[in-house]
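TrEMBL annotations:
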REGION    1-35  region 'Disordered'
COMPBIAS  15-31  compositional bias 'Low complexity'
REGION    438-458  region 'Disordered'
COMPBIAS  448-458  compositional bias 'Basic and acidic residues'
REGION    502-522  region 'Disordered'
DOMAIN    516-593  domain 'UBX'
Amino acid sequence: SEYSGETLHGPAYGPTSHSTAAASTPSSSSAFRHVVPSRQIVERQPRMLDFRVEYRDRNVDVVLEDSSTVGDIKHILENELQIPASKMLLKGWKTGDVDDSTVLKTLHLPKNNSLYVLTPDLPPSSSSHSGVLQESLNQNFMLIVTHREVQREYNLNFSGSSTIQEVKRNVYDLTSIPVRHQLWEGWPPSATDDSMTLAVSGLTFPCHRLTVGRRSSPVQTREQSEEQCTDVHMVSDSDGDDFEDATEFGVDDGEMFGVASSALRKSPMMPENAENEGDALLQFTAEFSSRYGDCHPVYFIGSLEAAFQEAFYGKARDRKLLAIYLHHDESVLTNVFCSQMLCAESIVSYLSQNFITWAWDMTKEANRARFLTMCTRHFGSVVAQTIRTQKTDQFPLFLIIMGKRSSNEVLNVIQGNTTVDELMMRLMAAMEIFSAQQQEDIKDEDEREARENVKREQDEAYRISLEADRAKREAQEREMAEQFRLEQIRKEQEEEREAIRLSLEQSLPPEPKEESTESVSKLRIRTPSGEFFERRFLASSKLQVVFDFVASKGYPWEEYKLLGTFPRRDVTQLDPNKSLLEVKLFPQETLFLEAKE
């Protein structure tokens, strides 16, 4: 049958190494002893298999050759039960994956088999017995199994659809007692067939106590010896019990399957005294994939500090929980936990979405001491002491870590003795705590970013204001400097003009008196502002003297024109070396000044 996701059992080696016990164990054992040492090849005759198929309140007997397929059984049941084959789920197989195309002889089945049909897509029957059975198949049973010789107790979870044979095989994985050597106490009287499901076996729900011990190997009887000769072909169909005891006959498991026994030894998950944690994690991941397949959590490659950075120190929305998986090869629970828990698709998917997963191997003492040192540094001595006191068979451990502002908090320490459902529930419970804290962190981060944005905006506005003030101040300073420069130029020009005016005024010949005996010309000059000034000149004086006089009054001839009235003429265009008499500014004349354009 298919293992339930909630079942805790030992290492699953597949149907070729640990198959279900056959009904004719002595016969199979005898045939095994006859064939394996001599490597005889016997022509195999068609073998008939009997199936009792249970569906609700009906039982159907089916007989087929082992060359038939699972689909052939469904077609027979389709006629008997009037149920479409596509709606059937045929359960109760004692091996792994089974589909309609599976050939029966590849399953190594015993002659007599019990199966049951589930039809989840069809409405339930009105029969109360059918409803109770279906409900029992979906229930989980807790089996408290005591190993008599070592006085050790195991709490094992199985679904109601698991068989008694599956329980015994799992106990073999935990106790190393082969199924044929297991001596049980506590099974209900109705549990007469190992192929029977727990739901119909009469177990007490939800918990049932059992005791198991080892009994000595049975002595071969004469009948078994005879069967050895007549049923040699059963070797290929023998169940896992024969293979479990192969070493009793001097045959190593590896030799029996054509594989050297050294190849079955496991390589260490992690090198001892690994200097680089990243390299150690690379080897851990490769070895984990080699043992348990590629469907497993994505382990963070790097140091524990780097895993902290990745999980805790990004933005609040991007943070995750940190899951630390602590492996131990010497624990009896390790193979079960890895193959059934860590490699379950639901667990792998949930971890990849919500966790950063980091791993470490505690098998070697040096690696164990190194992790405890890291644990003390990051989580404190209390957590380190908790891990230090864990016994080997309590491993593997799963630590759920949540990053906080001041320290890292260990939310949960999950031991290896758990189920997929319980592991998922504890991961989800940790996520609820983390999500609540994350929402607070996101709120605080958003508020802090809002405050920082406001501060940045204020700082930017203040900076722009300062820039504007500085630009305004610099413009004012430039304007003042320019005004000062222009004022200086103006003053210099005025001073220069004043100096020129004074120089011209001093160079003018003295004004002749009215009673002078020489010819005198009297000039009356009107300024642009309407004022008049008069002066007498000798008629023999040059016109330049008049220009100098006008300039000495502040009207240089480079800037002003001196115009006559009748006739209107521009005196400044005349030859300045000519006398006033020659330019007809005698005996008197009225002139006016006009600024040049």
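Note that the numbers count up from 1, one per residue, in the order the chain is shown.
Using N, Cα and C of the backbone, Cβ positions are placed for all residues, glycine too.
Automatic prediction, not curation, is the source of TrEMBL annotations.
Sequence-distant neighbours of the region 'Disordered' (438-458) (same chain, 6+ residues past either end, Cβ-Cβ under 8 Å): 315-317, 319. Counted with DSSP, the region 'Disordered' (502-522) comes out as 6 helix, 3 strand, 12 coil.
Each residue in the compositional bias 'Basic and acidic residues' (448-458) gets a DSSP state, and the totals come to 11 helix, 0 strand, 0 coil.
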